[in-house]
Ligand code: S3P
């Protein structure tokens with residue numbers, strides 16, 4: 001599907017973005033493991049989360065949709081899942097595959113997990129290795145690629161230093177570790193998103209968080225309490241609209257109820273350091289997660305350097321930060337972000353290739369990129385999504401500042417995380 005986006009000088013209005021993707025996946029999984037009925041409001045109904053939902057149903061969990069975004073999950077307890085009659089399809093969703101592998105490795109049944117052509121190219125050895133040290137029996141294609149075959153078994157615990165700051169990896173180990181009576185310790189090289197920890201604690205699991213480590217103390221009888229959750233708007237989706245409003249000539253955009261969890265809000269810090277005017281209003285907490293309304297005004301941006309421990313706190317926002325960099329004065333340097341190469345596509349080479357088509361000066365490095373700001377972009381060309389929702393949406397926002405707009409091929413992938421993206425963008429383009 002091709003998406004044509006034209007120039008917009010004014011971005012204005014009041015919007016809400018869909019529910020947080022990471023929290024949506026976890027609500028479905030932890031709701032299924034709880035003892036009793038959980039109520040979820042604001043679930044993201046993008047394809048990725050719908051894959052997790054369907055898989056939990058295949059594992060015997062009753063999940064009822066009450067209305068848009070509102071679901072009841074009849075938890076079956078930690079030991080109540082049932083063997084699925086068929087292969088479990090994670091689609092494009094790395095979160096589904098990685099979290100569920102940890103969970104399924106500890107069940108007393110057999111599972112097969114697969115995904116689309118992008119997911120079947122993404123590294124799974126990073127979860128297979130620590131889970132195997134816990135006793136898991138997981139078989140993959142060569143080089144740790146999916147489909148994965150899992151012969152569920154009793155897992156033991158682990159003390160594990162993560163080789164990369166990855167919440168998917170951390171969560172995969174934690175879900176498996178719930179089934180070991182011994183203590184598990186996970187040490188992170190830098191802090192990654194902590195939704196799993198917050199939600200497990202919220203459901204009554206004794207979990208200790210120290211500076212760089214997560215500790216699940218020994219216990220012979222863990223159980224999860226059911227919960228009610230109102231999922232906040234996804235800051236990773238809000239980032240596209242924040243960028244659009246910062247890059248506009250005129251207007252003002254209010255985005256209501258956005259999750260601003262510290263482990264996810266690096267984008268707001270970077271946008272402010274670049275000179276972006278973003279007011280954080282009405283801060284509050286819902287189900288342990290900080291939320292706020294964000295008021296964004298057009299801003300003259302300047303290039304900065306982004307590196308180190310900040311990277312995991314904005315990893316999904318780097319393609320849209322690259323778009324901000326195009327219109328910032330001077331150079332923006334992004335380092336320590338080699339993880340971008342193993343996302344839904346290699347996001348460093350995808351951004352570099354598409355920006356070069358537009359005449360933008362960008363240097364690709366093994367762990368990041370350097371972008372020289374421009375005054376003016378002609379556009380009028382066809383660009384590619386690389387089957388990656390965040391590349392497609394970043395290019396759509398870039399198009400708003402080109403004279404002749406952009407045509408984005410492969411834009412159907414946007415529905416994995418933001419089905420109403422185009423509709424919402426058209427609503428604020430004035
Ligand atoms: C996610 C973790 C991140 C992120 C992904 C969602 C999660 O991946 O890029 O979009 O929900 O745990 P990594 O854990 O691989 O960094």
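In case you wondered, yes, glycine gets a Cβ from its N, Cα and C as well.
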Listed in TrEMBL for the phosphoenolpyruvate site shared with 21, 94, 122, 168, 347, one of 70, 313, 390: 390
Residue 343 (3-phosphoshikimate binding site) and residue 122 (phosphoenolpyruvate binding site), distance between Cα atoms, whole Å: 7
When distances run from the Cα of residue 390 (phosphoenolpyruvate binding site) to each of the binding-site residues 26, 166, 343, the nearest one: 343
Averaged pLDDT score, the domain 'Enolpyruvate transferase' (8-423): 98
Euclidean distance between Cα atoms of residue 166 (3-phosphoshikimate binding site) and residue 347 (phosphoenolpyruvate binding site), Å: 17
For residue 343 (3-phosphoshikimate binding site), nearby residues of its own chain (Cβ under 8 Å, 6 or more apart in sequence): 94, 315, 316, 388, 390
Rounded Cα-Cα span from residue 168 (phosphoenolpyruvate binding site) to residue 26 (3-phosphoshikimate binding site), Å: 11
Which of 21, 26, 122, 390, all binding-site residues, has a Cβ with the fewest other Cβ atoms inside 10 Å: 122
